[in-house]
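Annotated in TrEMBL:
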ACT_SITE  His96  active site, electrophile
ACT_SITE  Glu168  active site, proton acceptor
BINDING   Asn9, Trp10, Lys11, Gly174, Ser212  substrate binding site
Amino acid sequence: MKKFFIVANWKLNGNINMISSFFEYFQLYALNYLEKNTIVIAPPTVYLERVYKKIKKMNIFLGAQNVDIHLTGPFTGETSILMLEEIGAKYVIVGHSERRLWHNETDDLVAEKICLIKKLNLTPILCVGETKIDKDNGNTKKIIKNQLDCILKKLGKLAFQNIIIAYEPIWAIGTGISANPKDVQLIHEFIKNYIKKNDSSIKNIIVQYGGSVNIKNVKSFIIQPDIDGLLIGNASLNAEIFLKIVKTSHDIF
Ligand code: PGA
């Protein structure tokens, strides 16, 4: 059965106390909602192992927020995919607009990371999305097409097998202004059709939406036929709020 795919992207948030209290609450209820949801928690790198210890018996998965393109060597401050694999990570977020913006990550670098993540049989969660100016100029599809093309160019026709795509309009991230669910539906349809056009053998494309999802608006996203999951920042930091979102998708997906 297809499950709704929910990722908690904690970004640069959390601490040891927060993790303890988050999972104290989370463990009480999460199991009730796993039949219809796949849940991934992506904490800051330094807490990956701590979070893994909490979730490994729960059928909840560990995600990393970033990875380096090198496996080992003199790359101060970086984390390799071998290390992520060793400590139990299954997913890696790549191409998040915050990394593109603050760490100058280019489409080429993102493509390289995806290549490496797939080689090690972890699953990349590729973020794509447009700026407000792109949106206002009617360039959303063009921007996304370019972002996808870069991956296709590097990885070839089968590039999108075993990848999760997260459509995250940059202007909606952390702003409290989420995208219109019907517009998101159209973009997701576009992404899926574009991928299928390049790879007719592909089945089961998962496209998540991310950008100011909260308890109030979550239902309007879940009911769209091509929104297969959510990438959640702020609203994933509080276990009670996050579980309400997870419960909503359990109830209606
Ligand atoms: P937000 O972040 O839910 O806080 O808008 C989403 C994301 O950037 O993944």
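Yeah, the Cβs are placed from backbone N, Cα and C, and that goes for glycine too.
Automated prediction, rather than curation, is the source of TrEMBL annotations.
Counting every protein chain shown, 19 other Cβ atoms lie within 10 Å of the Cβ of Lys11 (substrate binding site).
On a Cα basis, the residue listed as 'active site, electrophile' lies 15 Å away from Ser212 (substrate binding site).
Taking only the Cα positions, the spacing between Gly174 (substrate binding site) and His96 (active site, electrophile) is 13 angstrom.
Reported as a whole number, the C-alpha separation between Trp10 (substrate binding site) and His96 (active site, electrophile) equals 13 Å.
His96 (active site, electrophile) and Asn9 (substrate binding site) are 10 Å apart (CA-CA, integer value). Between the binding-site residues Asn9, Ser212, the minimum number of other C-beta atoms within 10 Å of a residue's C-beta occurs at Ser212. Taking the centre of the Cβ atoms of Asn9, Trp10, Lys11, Gly174, Ser212 as the substrate site, the nearby residues of that chain (Cβ within 8 Å, site residues left out) are Asn13, Ile173, Gly210, Ile232, Gly233, Asn234, Ser236, Leu237. Annotation for the recorded positions Trp10, His96: lowest Cβ count within 10 Å of the residue's own Cβ, Trp10. Annotated pair Lys11 (substrate binding site) and the residue listed as 'active site, electrophile', C-alpha to C-alpha distance, rounded: 10 Å. Counting only the Cα atoms, the space from the residue listed as 'active site, proton acceptor' to the residue listed as 'active site, electrophile' is about 8 angstrom. Taking the Cβ of Glu168 (active site, proton acceptor) as centre and 10 Å as the limit, one finds 25 other Cβ atoms among all the protein chains shown.
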